[in-house]
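Undergrad: Quick one: the structure is below, and I'll ask about it shortly.
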Amino acid sequence: MEQEGQEKKKEGRLTLVLALRTLIAAFGSSFQYAYNVSVCNSPSELMTEFYNDTYYDRTGELIDEFPLTLLWSVTVSMFPSGGFAGSLLVGPLVNKFGRKGALLFNNIFSIVPAILMGCSKVARSFELIIISRLLVGICAGVSSNVVPMYLGELAPKNLRGALGVESQLFITLGILVAQIFGLRSIRQQKGWPILLGLTGGPAAAACPPFFPESPRYLLIGQEPRCRQKALQSLRGWDSVDRELEEIRREDEAARAAGLVSVRALCAMRGLAWQLISVVPLMWQQLSGVNAIYYYDQIYLSPLDTDTQYYTAATGAVNVLMTVCTVFVVESWARLLLLLGFSPLAPTCCVLTAALALQDTVSWMPYISIVCIIVYVIGHAIGPAIRSLYTEIFLQSGRPPTWWGQVHWLSNFTVGLVFPLIQWAGLYSFIIFGVACLSTTVYTFLIVPETKGKSFIEIIRRFIRMNKVEVSPDREELKDFPPDVSE
């Protein structure tokens, strides 16, 4: 009994090996993803000027304003387009190469475009930038799905939430670094290609070959000695039989389900509540946070000081709150973190009023700053969302990356819809406020708690919610067809 108690105590420890491997993997993938989200914002004027100069050198004519705007929109939209394409590749990549192998293969889509973008000005080719944005979007689409999956499967259940937040932490750091590098005091007219090319560095560190594969994936590949060795390396001790047994039981449930595709996931009654629980991921993208990051310089333009410093300050607040979340995610319930959306709806109303009055009331822009910071804090509190989809699906349901496709489709939708709702002007944030309120209510009523539970315990709860017949000794999901893979 005493030995069992010691084993349980050990399972709650964060070993140095586990910490280093999760930190480096999250840095190499999530950091470069976020860096590419923000890196084009500050040098956009210099880049469009380069587009115009290049076209003039070729034809002797300048690009008209509308075609130039359209060309820049294509450049920006290539990133989420590539992200959606990358999310479609996740299933084949992780099933063929494993979690670690998929991250190693994914480096191609970051290092190659980094070189192309770094050489674009010398080559006098803006087409290289457009193509590179598509390729680096593919890299982001793969990494934003595989990294949370990889981190969630490496971590013991009592640390899964905290380690899962690491990817979100490096996303906020990537945004902050891109904002700092974009400050006018640092950025130089000839330095923006270097700014774009820096994305290749973190990708090279994403997942060194000597990193272990996910023990849960190794169970699928029928490599018992490899998975035991990998788990012992992560935990720092030899006694891992208890956790291996838990992994084996999950594997039995996954084998009963078979490998499933996204279409099959949507059609299966046995996964109805899991799919419903992923809806807040879509609402997170539709809640207007991208508008805050992309257009805050417009909102703060009445201020006399340089608004780029306020932009960097919001990025710093985002990082700080995400760091705080790492330490509280295992102490607080997941739902409490997900409900970080709750203050955003009234914040949208106050921000709308502040923006409407900032030209007539001198101190209103500072109210806008406070609202923007509150908005950023609310979104920073919600990174537990990223670990949610790893927790609620079995092995067979993770590779299709339902979460990833929802994320990138929502991201792309925001990019298309936001210009259309700008007719509402300042009142567009009322629309975002409705989205935030809807997310809060939906999360409270629908999404179940997963804190401190093993994958099997979480699946058991969903089985009861889905009203699926269960065999207690084998955890077979009778509602699943024997083979639903395409």
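Count begins at 1; order follows the chain as displayed.
Every residue, even glycine, has its Cβ placed from backbone N, Cα and C.
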Undergrad: According to Swiss-Prot, N-linked glycosylation site sits on which of N52, N411?
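TA: Swiss-Prot annotates N-linked glycosylation site at N52; the rest carry no such entry.
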Undergrad: Between the candidate ranges 213-231, 403-421, where does Swiss-Prot place the transmembrane segment annotation?
TA: 403-421
Undergrad: Count up the helix, strand and coil residues in the topological domain 'Extracellular' (121-127) according to DSSP, in that order.
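TA: For that range the per-state counts are 4 helix, 0 strand, 3 coil.
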Undergrad: List the Cα distance (Å, whole number) between Y33 (D-fructose binding site) and N52 (N-linked glycosylation site).
TA: 28
Undergrad: Grab the same-chain neighbours of the transmembrane segment (70-92) for me: Cβ-Cβ under 8 Å, and only residues 6 or more beyond its ends, written as numbers and ranges.
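TA: The answer is 36-37, 40, 44, 47-48, 51, 63, 102, 109, 126, 129-131, 133-146, 261-262, 399-401, 404-405, 407-409, 411-412, 415.
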Undergrad: By a Cβ-Cβ criterion of under 8 Å, what residues six or more beyond either terminus of the topological domain 'Extracellular' (121-127) are in contact with it?
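TA: Distal contacts: 47, 50-51, 54-55, 57, 71, 75, 190, 192-193.
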Undergrad: Cα distance, N52 (N-linked glycosylation site) to W408 (D-fructose binding site), nearest Å?
TA: 30
Undergrad: To the transmembrane segment (364-385), which of 100-120, 128-150, 163-183, 427-447 is linked by the most Cβ pairs under 8 Å?
TA: 163-183
Undergrad: Same chain, outside the transmembrane segment (128-150) by at least 6, Cβ under 8 Å from its Cβ: which residues?
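TA: Those are 25-26, 29-30, 32-33, 36-37, 40, 47, 74-76, 78-90, 93-94, 99-100, 102-103, 106-107, 109-110, 112-114, 116-117, 119-120, 164, 167, 196, 199, 203, 206, 214, 386-387, 389-390, 398, 401, 403-404, 407-408, in sequence order.
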